[in-house]
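The next block holds one structure in the form of structure tokens; read it before the comments.
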Amino acid sequence: MMRAAVLLALLGVALSLQRIPMFKSEQDAKFKGKFKLIGEYLLQKYTPGHKFDNLAYNEGLTDYLNAQYYSTITVGTPPQNFKVLFDTGSSNLWLPCAGCSFSDIACFLHAKFDCSKSSTCNETSQPFQIQYGSGSMQGHVDYDTVCFGTADSGYCTDRNQGLACATAEPGLAFVAAKFDGILGMGFDSISVNHILQPMDQIFADKTKCPQSVIAFWLNRDTTGAHGGEMTLCGTDPNHYTGSIAWEPVTHADYWRINMDSLAIGTTVFGSNVSAIVDTGTSLMAGPTDAVKRINQMIGASEVINGEYSVPCNKVASLPNIDIILGGQKFTLTGKDYVLEVDEVFEKICLSGFIGIDIPPPNGPLWILGDVFIGKFYTVFDAGNKQVGFAQSAGS
């Protein structure tokens, strides 16, 4: 009887899961040379009031351009389909708007939300703006239904879900992006205009979503057909092995946790430091001095603007980097933390570590992006305000 009860309980949890396949875009061929821009973007993201350096061209969102993983949502009635980046480092949903200017190339090249074509949409004149360096994403707030995956998935908000309809996007950052917009999954405390995010409504329905959990499995196999999977309302044991190590969230703004240590052998580069787990950045970031020493220790040479490269034939012999979270060791090999990028006439191997100095009160910070999340199954538990990590199956 007890065994049957346990099996029924597990079946109930499995049925409550919503598995959303993720897609993987090719690495931008012009990735080289953009680390300074990525660093500037991260500074803006995590430093309120930070202004960008004068750069040769305005591309503060380069890191979004180079993010590899995105998935689908629908908005409105009948449903309008969009590809979005699920970003745990921000807390707003925004999409290109049907009213954008023809001169806005990024908007022109992507799917646009048209409130007039949705019977459940409420268009407002409430302005919305996010500053990105010398440019800004501008638009207004609409209210409508938002569904994860497809409209018939059942994982939908009501028609009162706020979203930003962007009529102007900054610079050229989104022109080549494979996704249309961004769905933030950080905490509501950092939401622009205090708009509640779609996940709040999904989590509130305990019948459908007994666990307020989002989990990510990113497929790092470049030959794989699928980019990965995001799971709502639970975890998928098919995508991880062993137990999940948990770290409590220390501040309910970003998914900010304590990192016990980051080390190469006996050399420790960070001990009991603050780290943000961010699906919206492709790299690992940390204080400039520490990252410089890491790159020196792995034998990397600086190329330009904080980028470090290693000979591609040396990647297999690079030292392991150990990160301790929740008392458990997570090891990155050279293959994990080096990015192989195909340039026009050559293949280059870039260190996946970038140095950024985020000042107090938010900093100093380490940022665990896709370099880390791609190796380890990552669980964002909003109900218990904690982040969990486990070995990804097949990694």
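Cβ coordinates are placed from backbone N, Cα and C, and glycine is handled just like the others.
Source: prediction; values computed, not measured.
Copied from TrEMBL, the annotated features are:
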type     : residues      : note
SIGNAL   : 1-16          : signal peptide
DOMAIN   : 69-390        : domain 'Peptidase A1'
ACT_SITE : Asp87         : active site
DISULFID : Cys100-Cys107 : disulfide bond
ACT_SITE : Asp278        : active site
Long-range Cβ environment of Cys107 (disulfide bond), under 8 Å and at least 6 residues apart: Pro96, Cys97, Cys100, Ser101, Ala166, Thr167, Ala168, Glu169
Lowest local Cβ density (other Cβ within 10 Å) among active-site residues: Asp87, Asp278: Asp87
Asp87 (active site): secondary structure state under DSSP, collapsed to three categories: strand
Euclidean distance between Cα atoms of Asp87 (active site) and Asp278 (active site), Å: 7
Cys100 (disulfide bond), number of other Cβ atoms within 10 Å: 20
